[in-house]
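Copied from TrEMBL, the annotated features are:
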TRANSMEM  12-31  transmembrane segment
TRANSMEM  43-62  transmembrane segment
TRANSMEM  74-94  transmembrane segment
TRANSMEM  106-128  transmembrane segment
TRANSMEM  148-175  transmembrane segment
TRANSMEM  196-218  transmembrane segment
TRANSMEM  238-260  transmembrane segment
TRANSMEM  267-284  transmembrane segment
């Protein structure tokens, strides 16, 4: 019985926490590098909200038939989340474009897109059946409760491929930190590389939202901690962010399970409770 609990319940939940934590942290590190703004985070920018909107729309469209779809639903959700996150990133990119993209305009546009998608999610939730409404509420708060090996298999290929791509393309983040003009002078196609890096960040955020809901501030805090430990070079900072993000989410999940046992606090709420003060600290520090 103990082995059954460990391998069928505990272990897949731990693997999901590690994968999601690493993916969100790397996505945040990429967004901070692309926007050249240390306060960037896929949750703050609206990418998570776009992915969440797509998944909630899927739940609403198939409400009452989710159980009939079975495991197929688990494999479809990352695709919907990726499309939603990609659409949000596209909106941010288009709306922020004005003879190029500045870091400040990218952040402000992302906050506006985040608010718009959050409002749209609420509208859809109000039209849901009670069961689907409760399911959406728990999921949107950031939860890895009920994770199984099917969830692991549904996102493992996505996350491994794009985590490796992030590491391979990390050198371009170092060059882009020098500024667009100097990057062009070094022969880098800034818009092409920025778009590719944003695609990687979107894919990682979308896959994370599909299995764990919206988890904010983790993508903000992990890169900052990694930067303090290994320095600003992204070749070392990206893997360090992944490791720190994975461990932080695993710790947050453990806290959520034991703090009000036998009830559980969604991991997203625990991360927000720990990450929000750090965000305020960074905001005050950066004036």
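Here, residue 1 is simply the first one shown, and the rest follow in order.
Just so it is clear, glycine is given a Cβ too, placed from its N, Cα and C backbone atoms.
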Quiz item: the transmembrane segment (12-31) vs the transmembrane segment (106-128): three or more C-beta pairs under 8 Å (separation of 6 or more)?
Solution: no
Quiz item: Of the stretches 74-94, 106-128, 238-260, which racks up the most C-beta pairs under 8 Å with the transmembrane segment (148-175)?
Solution: 74-94
Quiz item: Which stretch, 106-128, 238-260, 267-284, tops the Cβ pairs under 8 Å count with the transmembrane segment (74-94)?
Solution: 106-128
Quiz item: Per the definition of 3+ C-beta pairs under 8 A with sequence separation of 6 or more, do the transmembrane segment (267-284) and the transmembrane segment (196-218) touch?
Solution: yes
Quiz item: Do any residues of this chain, six or more beyond the ends of the transmembrane segment (238-260), have a C-beta under 8 angstroms from a C-beta of it, and if so which?
Solution: 13-14, 17-26, 28-29, 144, 163, 166-167, 170, 215, 218-219, 221-223, 225-226, 229-230, 266-267, 269-271, 274
